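S.K.: What Swiss-Prot shows for this protein is this:
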- His27, His34, His71, Glu119, Glu121: Mn(2+) binding site (BINDING)
- 32-171: domain 'Nudix hydrolase' (DOMAIN)
- Cys69: active site (ACT_SITE)
- Cys69, Glu89: Mg(2+) binding site (BINDING)
- Glu121: active site (ACT_SITE)
Amino acid sequence: MTTEVELVVLADSEGNPIGTAPKATVHTKDTPLHFAFSTYILNPRGELLVTRRALSKKTWPGVWTNSMCGHPGPDETNADAIRRRGVDELGLEVDSFLDIQEILPDYQYRAVDASGIVEWELCPVHLVRLAVGEFVEPLDDEVEEFEWAEPQKLFDAVDATPFVFSPWLVDQLSAPELRQAILEAFDAE
């Protein structure tokens, strides 16, 4: 029995792919720049899925964050990677998403957690609509707990207590275009 190794795509400072490395070896105190994605999932009522990272996670354990993050594999589009992670992380079906919009295509961040582990990612941010009748059943090793939040209430909580949330969520939600896209999607419901 063989286990497939999840690879992440490494990047140079210009955002060009320069190779791959096993995901298990990438996140260290000297993390190389690599490709990732970040998602904000809206249910049919226009509420945002906010997740609390599993306590067993290597980086930022137990921290509240956006709906889902991940890494596209070699030759995998972000949309395909989002669908894959929706299955692997949130227990969704591969066709659970109605719409995947890239809102912040050039988002990049570097953050260091309390243990010294670095996240350094080219990480486009996506807004995703969940189909009617779909239910989130997160895997325990990925998500400790989750909540569906009205967007403005989440924005207010992030503004008042940013230390409760992941640094990438706080930074991403400081972008007016992301907040606007989320509010427009919420108001459309």
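Cβ from N, Cα, C; glycine included.
Help me picture where these features are in the structure shown.
M.R.: If you draw a 10 Å sphere around the CB of Glu119 (Mn(2+) binding site), it holds 21 other CB atoms from the protein chains shown.
For the recorded site, Cys69 (active site), the DSSP three-state label reads strand. Sequence-distant neighbours of Cys69 (active site) (same chain, 6+ residues apart, CB-CB distance under 8 A): Ala36, Phe37, Ser38, Thr39, Arg85, Cys123, Trp168.
DSSP assigns Glu121 (Mn(2+) binding site) to a strand segment in the three-state reduction. Cβ-based neighbour count (10 Å, all protein chains) for Glu121 (Mn(2+) binding site) stands at 25.
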S.K.: Name the residue among the binding-site residues His34, His71 whose Cβ has the smallest number of other Cβ atoms within 10 Å.
M.R.: His71
S.K.: Inside 10 Å of the Cβ of Glu89 (Mg(2+) binding site), count up the other Cβ atoms and send me the figure.
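M.R.: Total other Cβ atoms inside 10 Å, all chains included: 21.
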